[in-house]
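Here's what TrEMBL has on this protein:
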type     : residues : note
REGION   : 1-41     : region 'Disordered'
COMPBIAS : 12-23    : compositional bias 'Polar residues'
DOMAIN   : 59-104   : domain 'CWF21'
REGION   : 108-191  : region 'Disordered'
COMPBIAS : 124-133  : compositional bias 'Basic and acidic residues'
COMPBIAS : 180-191  : compositional bias 'Basic residues'
Amino acid sequence: MYNGIGLPTPRGSGTNGYVQRNLSALRHKKGGGGEPPPGEEELRRLEAGLAKRPNPDILDHQRKRKVELKCLELSELMEEQGYAEGEIQEKVATFRMMLLEKDVALGEPEQKPTVTETHQLAEANEKKNERLRAAFGISDTYVDGSSFDPSRRAKEPPPEPPNPPTAVRDSSSSRSPSPKQKKKKKKKDRG
């Protein structure tokens, strides 16, 4: 027995005598009956915290830093090769303009970039959500839970009907091969 807790001796009890706390027992909090359910305003605040928007200024600053890093590498390379200072500045300025125009024209490449910054993650998530919204045909004005609103249909413009198929394929132009006929086995008489 340890501090008055447990068995006086573990003999015959089928246990090793080690005393453990019951982790599955729930402890009730003293005081009020808990927190009241969150209100509409608190729910909006929590949802806003979940879907953080990327800060465009920070993203723009990161892009400009990458451009400046490439320009600095070019200028160091040209200095090592023995170019004159004026010529270096001129070539770096044209290279900088080319990189900035290329970055603005293309935006982000479609390949999956390695993203580590919070704002880059938010931007990538926003692009992914936009692609999904376009794929499922969800409008930008859609509000969660509005499907249950009976007056929603009156507020929304009617959806465009799907395009009917223009040409019907006949079975002879099918690309898949026709199924092969199975051969029937002949039964042998055993008698």
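Don't overthink the numbers, they just go from 1 along the chain as shown.
Placement of Cβ uses the backbone N, Cα and C atoms for every residue, glycine included.
When pLDDT is averaged over the domain 'CWF21' (59-104), the result is 90. Each residue in the domain 'CWF21' (59-104) gets a DSSP state, and the totals come to 43 helix, 0 strand, 3 coil. Break the compositional bias 'Basic residues' (180-191) down by DSSP state and the numbers are 0 helix, 0 strand, 12 coil.
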